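Trainee: Following this message is one structure expressed as structure tokens.
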Amino acid sequence: MAEHDDDDALRVAVLGASGRMGSEAVTAVQQAAGMQLVAAVGSGDSLQQLIETGATHMVDLTVPDATEENVRFAVEHGIHAVVGTTGWDSERLTALEQKLAAHSEVGVLIAPNFALGAVLASAFAAKAAQYFESAEVIELHHPKKVDAPSGTAVRTAELMAASRRAAGVGPSPDATQKQLDGARGATVEDIHVHSVRLRGLVAHQEVLLGSTGEQLSIRHDSFDRASFMPGVLLGLRTVAARPGLTHGLDGYLDLGL
Ligand SMILES: NC(=O)C1=CN([C@@H]2O[C@H](COP(=O)(O)OP(=O)(O)OC[C@H]3O[C@@H](n4cnc5c(N)ncnc54)[C@H](OP(=O)(O)O)[C@@H]3O)[C@@H](O)[C@H]2O)C=CC1
Ligand SMILES: O=C(O)C1=N[C@H](C(=O)O)C[C@H](O)C1
């Protein structure tokens, strides 16, 4: 798998290696300085490959049903994990923190979105949400996406809700009394989140904030999965120096917000 041996290189296994994201990550790792791809793991493969190939790091880009087990395996074997897969709700995050407490040298990054623009958009939205009466999130993705709402939308809404709560802002005004099921979207805490699935899209999100007489829209578009790769590589280069759990790539950035 590795084209050359470099004693100091990070030894990286990519899980979900044949998928849309995983295949991009395989190429990005192969082309990155200071990294060796030692395993490209698919759904039919054993996780023992990580041990047999001496992986020091893994990237998980699989499916919500598989990611928790994959990360648990990595932590138990002292392998640092950079995780882009969705499905990490608060229950899973708590269980992971408990697992990491017994493996204090291991770092795990759970990153709902690796694109720098998306990370910034979420941070801006969290900051701005406390200043507006109304706040809603619309996420728009390719139709092969298996989960809704997107992990990014859930995380953005959680951050917005926390900022509104801390500032004492109540729920967005809404007089709806009668609706078709789902017409107002899902709710994350008290923020409405709407999911669009459309052929031609990759990954997009718009946060709408409104007060009397004005609206602020914060939009991010990933037009190509290449947009996620600098974040994946930053995660791999940083995770070993950040033992324990980091939730969100912003944890590795100095956004100063
Ligand atoms: N954080 C971020 O920036 C981003 C995160 N994502 C998230 O990443 C995940 C993957 O997305 P995407 O690449 O589009 O999905 P794909 O369906 O294209 O890829 C998922 C891959 O995972 C494989 N897989 C399933 N189970 C396992 C397992 N147990 N071990 C190893 N491989 C497995 C699948 O194999 P098979 O086909 O054989 O089942 C498939 O190749 C999703 O949760 C998505 O939301 C996506 C984009 C950006
Ligand atoms: O499935 C995708 O494509 C994406 N998944 C992540 C999410 O659910 O937030 C990140 C990005 O939106 C692309």
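Every residue, even glycine, has its Cβ placed from backbone N, Cα and C.
So TrEMBL has the following annotated:
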ACT_SITE  HIS141  active site, proton donor/acceptor
ACT_SITE  LYS145  active site, proton donor
BINDING   GLY16, ALA17, SER18, GLY19, ARG20, MET21, GLY84, THR85, THR86, ALA111, PRO112, ASN113, PHE114  NAD(+) binding site
BINDING   HIS142, GLY151, THR152  (S)-2,3,4,5-tetrahydrodipicolinate binding site
DOMAIN    11-114  domain 'Dihydrodipicolinate reductase N-terminal'
DOMAIN    117-244  domain 'Dihydrodipicolinate reductase C-terminal'
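Mind running through what each feature is packed against?
Mentor: Just so you know, the Cβ of HIS141 (active site, proton donor/acceptor) picks up 22 other Cβ atoms within 10 Å once every protein chain is counted.
In sequence order, ARG197 are the residues of the chain that are 6 or more apart from LYS145 (active site, proton donor) and have a CB within less than 8 Å of its CB.
Reduced to three states, the DSSP call for GLY16 (NAD(+) binding site) is coil. Neighbour count (other Cβ atoms within 10 Å of the Cβ, all protein chains): 25 for GLY16 (NAD(+) binding site).
DSSP assigns GLY151 ((S)-2,3,4,5-tetrahydrodipicolinate binding site) to a helix. On its own chain, GLY151 ((S)-2,3,4,5-tetrahydrodipicolinate binding site) has THR86, GLY87, TRP88, PRO112, ASN113 as residues at least 6 apart in sequence with a Cβ closer than 8 Å to its own Cβ.
Helix first, then strand, then coil: DSSP counts for the domain 'Dihydrodipicolinate reductase C-terminal' (117-244) stand at 48 helix, 37 strand, 43 coil.
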Trainee: Could you measure between SER18 (NAD(+) binding site) and THR152 ((S)-2,3,4,5-tetrahydrodipicolinate binding site) for me? Cα positions, answer in whole angstrom.
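Mentor: That comes out at 22 Å between the alpha carbons.
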Trainee: Could you check which of the recorded positions GLY16, ARG20, THR86, HIS141, HIS142, THR152 have their CB within less than 6 A of ligand 1?
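Mentor: Result: GLY16, ARG20, THR86.
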Trainee: Go through the recorded positions GLY16, SER18, ARG20, PHE114, LYS145, THR152 and pull out the ones with a Cβ less than 6 angstroms from some atom of ligand 2.
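Mentor: Those recorded positions that pass the cut-off, since their Cβ is under 6 Å from ligand 2, are LYS145, THR152.
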Trainee: I want to check the contact list for PHE114 (NAD(+) binding site): same chain, sequence separation of six or more, C-beta distance under 8 angstroms. What comes out?
Mentor: GLY84, SER227, PHE228, MET229, PRO230, GLY231, VAL232, GLY235, LEU249
Trainee: Have a look around HIS142 ((S)-2,3,4,5-tetrahydrodipicolinate binding site) and count the other CB atoms within 10 A of its CB, chains all included.
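Mentor: 14, counting other Cβ atoms within 10 Å of HIS142 ((S)-2,3,4,5-tetrahydrodipicolinate binding site).
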